[in-house]
């Protein structure tokens, strides 16, 4: 019994030590698990919405087929649904919604209001489904849609090229540091428990920049463009300055109209600067009740980010920015 007691006592002591170590290990892992859970929530918030429903068929289809895409009949009736001739493919928090709303003032532009996410999330639905989402256009009008996540989606260039190698591609870009903070602010408004911007942007305090974080990775414009240029020549792209879209909306929209082969119909007479929101709004349309600004989610205040964090990110992005300037032939002035 004494021997038995000795063995039992030894086992009990071992279990006690093991339990203490396990508790300590669980305690040390708790913050890591919390960060992982919050980051998971961030990723879920950053994901685009579900695939939009296709409109119910309202008319018979004609027997005319698009060249190169057998089995996809064009709708008959006044106007027809066509594949987009131009896409706004990026970037998130760059000013894509503002640009689309400005372009929709043009009588020869018909654009889908929502983001279909076809070339990144809904591709398995097929081209016929994609075209069914598009607004009807008459001859001479341009069909457009915008989904800013296309620019950072690996499969998007190949898929868009397969639809039409003549597609015109518009990319709205913005200082990648400001863009990342804006991205974070959007997600923070939906997920208040997020870690600080600094904690997400860097590993180990102010250690290496964490390019796995999407808010940082999106701003590596040169890397993303390099992949797109494997499928489309540079002449198929127009790079719009998100900063100039705020300071000179008529000038930037004029460049877009030229790129699309449209008459410059949208001019400075269509805009006024809203000091409260801090960006341009559309003047009262003829017969409209009031001027039109973007939604409340646009122009939200940014969280305070320490200058040391901003400087580190500026230094990190500088070589990527310079390469992007060389690739596009445009200096966006981000340093």
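The chain as shown is numbered from 1 upward.
Just so you know, glycine gets a Cβ as well, placed from its N, Cα and C.
Region 'Disordered' is the annotation TrEMBL gives to one range among 29-53, 54-78, and that range is 54-78. Under a cutoff of 8 A between CB atoms, and with a sequence separation of 6+ in the same chain, the neighbours of residue 301 (3'-phosphoadenylyl sulfate binding site) are 185. Cα separation, residue 95 (3'-phosphoadenylyl sulfate binding site) to residue 281 (disulfide bond), rounded: 13 Å. If you take the C-beta of residue 281 (disulfide bond) and look for same-chain residues 6 or more apart in sequence within under 8 angstroms, you find 271, 272, 273, 274, 291, 292, 293, 294. Cβ neighbour count for residue 293 (disulfide bond) (all protein chains, 10 Å cutoff from its Cβ): 18.
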